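Working notes, structure below.
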Amino acid sequence: MGHYMGGQGVTEQDPLRQAASRDTGKPSLTDTPASAERLDPALLKLAGIVLFGAVAALLDTTIISVALDQLGEAFTVPVSTVQWVSTAYLLAMALVIPLTGWCVDRFGAKTTWLSVLTLFLAGSVLCGTAWSAGSLIAFRVVQGLGAGMILPLTQVILAQAAGSRRFGRVMALTAVPGNLIPIVGPVLGGVILNGLSWRWIFLINVPVCLLAIVLA
């Protein structure tokens with residue numbers, strides 16, 4: 001791993017730190033405004049990788065909304081109990097967001113991103129194997145603890161790689177999933193429930209997260 005996101009030192013396979021170290025915030029004499037703001041292929045690849053994780057984390061905030069009735073029937077519990085499947089995820093996300101800056105300073109952006117994405121992946125697998133409403137709620141907390149840091153880390157990683165001159169353009173990329181997921185999530189959830197078990201609401205994250213981890 002480490003093709004697109006850096007560790008502690010700058011290497012040939014470390015475009016995140018290379019981009020940050022190259023950018024001084026001042027255009028060179030040979031730079032034109034267009035070239036200074038252009039998103040190069042390496043940065044676009046990095047954006048694609050980290051946005052995989054962001055999409056998965058955001059998707060789980062809305063995709064579950066169409067499955068609440070089916071979960072209540074599967075576990076024979078009232079909807080008021082099943083609603084904690086969604087609430088627990090959101091509360092866990094909110095709990096860890098303030099810790100993101102400290103983790104980045106202590107462990108580095110790449111290590112933190114891989115760790116929380118792995119935690120989110122583990123939580124997704126556990127949710128897909130839940131045997132009761134209580135276990136599903138507990139596993140959603142695990143999932144949310146990972147998801148909560150994925151979203152701010154996406155912005156941190158891309159901001160470091162883009163530098164000041166390309167900051168605005170690359171931040172526009174991170175806004176795309178946030179605008180689309182509220183629409184896509186329930187639709188995708190309905191498609192999954194029509195053809196598959198409710199467990200695939202969570203297991204659909206597995207290939208997405210594995211691909212992001214491998215590419216990172």
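Placement of Cβ uses the backbone N, Cα and C atoms for every residue, glycine included.
A TrEMBL annotation is a machine prediction, not a hand-curated record.
As annotated by TrEMBL, domain 'Major facilitator superfamily (MFS) profile' applies to 46-216. Taken from TrEMBL, the feature region 'Disordered' covers 1-34. The annotation transmembrane segment is assigned in TrEMBL to 46-68, 88-104, 111-131, 137-158, 170-192, 198-215.
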Exercise. Are the transmembrane segment (111-131) and the transmembrane segment (170-192) near each other by the rule of at least 3 C-beta pairs under 8 angstroms (pairs 6 or more apart)?
Worked result: no
Exercise. To the transmembrane segment (88-104), which of 46-68, 111-131, 137-158, 198-215 is linked by the most Cβ pairs under 8 Å?
Worked result: 137-158
Seminar exercise, completed: Residues outside the transmembrane segment (46-68) whose C-beta sits under 8 Å from one of its C-beta atoms, at least 6 past its ends, are 4-5, 15-16, 39, 79, 82-83, 85-86, 89-90, 93, 113, 117, 120, 124, 143, 146-147, 150-151, 153-154, 157-158, 161, 170, 173-174, 176-178, 181-182, 184-186, 188-190, 192-193, 198, 201-202, 205, 208-209, 211-212, 215-216
